[in-house]
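*Asks:* Pasting a structure here, questions to come.
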Amino acid sequence: MPTESGSCSTARQAKQKRKSHSLSIRRTNSSEQERTGLPREMLEGQDSKLPSSVRSTLLELFGQIEREFENLYIENLELRREIDTLNERLAGEGQAIDGAELSKGQLKTKASHSTSQLSQKLKTTYKASTSKIVSSFKTTTSRAICQLVKEYIGHRDGIWDVSVTRTQPIVLGTASADHTALLWSIETGKCLVKYAGHVGSVNSIKFHPSEQLALTASGDQTAHIWRYVVQLPTPQPVADTSQQISGEDEIECSDKDEPDIDGDVSSDCPTVRVPLTSLKSHQGVVIAADWLVGGKQVVTASWDRTANLYDVETSELVHSLTGHDQELTHCCTHPTQRLVVTSSRDTTFRLWDFRDPSIHSVNVFQGHTDTVTSAVFTVGDNVVSGSDDRTVKVWDLKNMRSPIATIRTDSAINRINVCVGQKIIALPHDNRQVRLFDMSGVRLARLPRSSRQGHRRMVCCSAWSEDHPICNLFTCGFDRQAIGWNINIPALLQEK
């Protein structure tokens, strides 16, 4: 049609006009310019409308790009010569690689193995010279085995905390927003004891170091100490739900609903409704509680911005620890010394020292830029802190001015836990992932998560259990389930 032909003609004219006024820059190096003797303006293009300063800058940039390509080309030639030398050496030993000659842009398939070996050797040499820099976003080359063993399903709401008993028999404890705490058989996944003494969300659970006593903290502004008696059922063969995964080799799963719960699985197990002791001094939610070494005192952390130290036998308040500017999020005690660390939304964590009975000292640490979700002790002289600022930091108690290692991740971190023997940190994330790092900040593995296994909602807490032969790591989340894992980290991965 006339309209179409006219429009096409107009478009062609406009295109030719733009082309005639386009910048024409001929890139050349200094040697070519010296050989031709042409003036700079002729090399740049007579019809350029750009100012001379802009043209000069462009020429300089193009020159830099050209030099980079020249360097790459030279390196490529050197690599090819190395490969030729390697092939000649192999041929002299009777191990010549067929088709190892190089084409202009590629190598033959069978020569790629030699190239890979050479490339790996170069990478190893480079890494050895730069090993002082730790990047938490780089995975290691060895394989860590992370196997899902058991799922513990029975809570009616999200699970905030998970813990393992320190006395025989070894059982798993979970604290849930459904106002209950449950004890589980690790081997069978059966509920053994249900604690229903709280009238609010149960936010944490910790076990006495030598007796069958549990300590729970709740949104009802109290902490309870209660006794449990468990009788383990006969273990059944564990179904093989394993998926041996290393690093990042798992398949991401889509958002799915929480696991279906047929009936109340905790209705058949014995229920404890009355605590031995109820600690009631807080004016807000009690978010966490823990036993001091020896088990004669406990510490609680609350949204009223205080942490309280209680005597277990008398239930009396011994100390009220004040100083945080916002709500507390967690508390943890040292396994062998009278030390307490408290975490807060004020971006700090505080170290409280009760080793001297006459006075207690406090140190404030400001290493994070967002809520400190947890800070925990290791057996040695380290504290590990995790935060909503997506970092985990490792501190030395002898010099806590700055962290000795920093782990940067892609999601907020919740209640962390450190494996005593292997010194591995388990990081539960808001984004449903669980990652494992060593104390130097090197990532060891990420727990598998697919359409068939793993957490489907935020992971709230992690807990190691080195003494159990089947599961040595437990995680829980807001998908209303706890998961038992078997983690096998090769010794090679832990070598420094």
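Here the Cβ of each residue, glycine as well, is placed from N, Cα and C on the backbone.
The compositional bias 'Polar residues' annotation in Swiss-Prot covers 1-13, 22-31. Taken from Swiss-Prot, the feature compositional bias 'Basic and acidic residues' applies to 32-47. Look at Swiss-Prot and you will find 197-236 tagged as repeat 'WD 2'. Residues or ranges marked as compositional bias 'Acidic residues' by Swiss-Prot: 247-265. Feature annotation from Swiss-Prot assigns repeat 'WD 3' to 281-320. Here Swiss-Prot flags 323-362 as repeat 'WD 4'. Taken from Swiss-Prot, the feature repeat 'WD 6' covers 408-447.
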*Asks:* Using DSSP, break the repeat 'WD 4' (323-362) down into helix, strand and coil residues and give each count.
*Replies:* 0 helix, 19 strand, 21 coil
*Asks:* Please list, for the repeat 'WD 2' (197-236), how many residues fall into helix, strand and coil according to DSSP.
*Replies:* 0 helix, 17 strand, 23 coil
*Asks:* Please work out the mean pLDDT for the residues of the repeat 'WD 3' (281-320).
*Replies:* 97
